[in-house]
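J.: Not my notes, these are from TrEMBL:
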- 42-291: domain 'G-protein coupled receptors family 1 profile' (DOMAIN)
- 26-49: transmembrane segment (TRANSMEM)
- 61-80: transmembrane segment (TRANSMEM)
- 92-121: transmembrane segment (TRANSMEM)
- 141-163: transmembrane segment (TRANSMEM)
- 195-217: transmembrane segment (TRANSMEM)
- 238-261: transmembrane segment (TRANSMEM)
- 273-293: transmembrane segment (TRANSMEM)
Amino acid sequence: MEIGLNQSSTDGFILLGIFSHSQTDLVLFSAVMVVFTVALCGNVLLIFLIYADPRLHTPMYFFLSQLSLMDLVLVCTNVPKMAANFLSGRKSISFVCCGIQIGLFVCLVGSEGLLLGLMAYDRYVAISHPLHYPNLMSQGVCLQIVGSSWAFGIIDGLIQMVVVMTFPYCGLREVDHFFCEMLSLLKLACMDMSIFENVIFACCVFMLLLPFSIIVASYARILGAVLHMRSAQARKKALATCSSHLTAVSLFYGAAMFIYLRPRRYRAPSHDKVVSVFYTVLTPMLNPLIYSLRNREVMGALMKGLDRRRIVNQH
């Protein structure tokens with residue numbers, strides 16, 4: 001098969017990006033970098049608090065630390081390269097770096113989606129079976145849940161990275177996105193990709209709807225258990241605990257479903273790029289804020305750490 005414009009299948013790509021150098025886009029770029037910095041600091045701080053404070057050594061916070069780790073790697077996968085290209089005026093990305101971006105992105109999105117689903121099951125067990133919770137969510141079970149989430153994402157990311165990067169690419173090789181997003185890259189392949197795109201669509205349906213169905217089923221059972229609670233205070237505490245998780249789930253799945261479960265004829269690169277910023281940058285920033293500001297234990301650990309630092313500085 002011939003490759004157009006005398007380019008080999010292992011040449012780099014051009015990332016068209018999302019920002020121009022207009023005054024408005026400079027402000028938007030600055031806003032994205034602020035969000036990126038907050039996401040970076042917020043997730044690092046949350047991970048540190050969870051591992052440093054013994055009161056947070058529970059299954060829920062262990063899962064939350066892994067969610068923060070996934071968000072931390074996700075936000076570092078695409079934004080630094082986008083920022084470097086924007087500031088330098090260069091839009092190129094090597095073939096290898098493009099493949100790494102695809103693999104990491106698919107891995108992290110898949111892992112985070114499954115982990116959010118299993119975190120819903122954890123909340124169901126905690127609220128519906130509180131007496132059996134220590135046995136049902138033992139350390140071994142927690143490690144299996146986290147391990148299966150990472151394994152699922154890593155295997156999926158590796159498969160899609162290898163498959164996508166074996167296709168021949170030609171023409172101008174301009175990716176209409178700010179990172180090597182799989183669907184945008186497939187448009188540049190020098191062959192009919194309709195069958196593979198249908199396979200990808202089926203995989204996305206499975207990857208998104210399987211964890212989402214676990215979440216729906218878990219929260220249906222949780223709602224039933226909460227409604228049967230006699231104590232108004234217990235109901236309030238249960239709903240407060242679950243509302244943080246539901247907010248994070250809504251942000252993640254809303255954006256992911258908008259991009260990957262829409263029919264092809266309704267897809268527009270401009271829409272996809274904006275929504276991608278939402279769940280690759282904004283959601284990783286919001287998750288630690290949602291879980292910390294609405295959680296007394298995390299805020300208590302933060303205050304304890306600040307008090308300890310203040311005492312050390314005074315001496």
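Glycine too: its Cβ is placed from the backbone N, Cα and C atoms.
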J.: Mind pulling out the one from 26-49, 92-121, 238-261 with the most Cβ pairs under 8 angstroms to the transmembrane segment (195-217)?
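T.: That would be 92-121.
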J.: Mind checking which residues of the chain, 6+ beyond the ends of the transmembrane segment (61-80), have their Cβ under 8 Å from one of its Cβ atoms?
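T.: For the transmembrane segment (61-80), the nonlocal Cβ contacts are 32-33, 36, 39-40, 43-44, 46-47, 50-51, 101, 104-105, 108-109, 111-112, 115-116, 118-119, 122, 142, 145-146, 149-150, 178-179, 248, 280-281, 283-285, 287-288, 291, 297-298.
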J.: Restricting to the domain 'G-protein coupled receptors family 1 profile' (42-291), what is the model's mean pLDDT?
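T.: Its mean pLDDT is 86.
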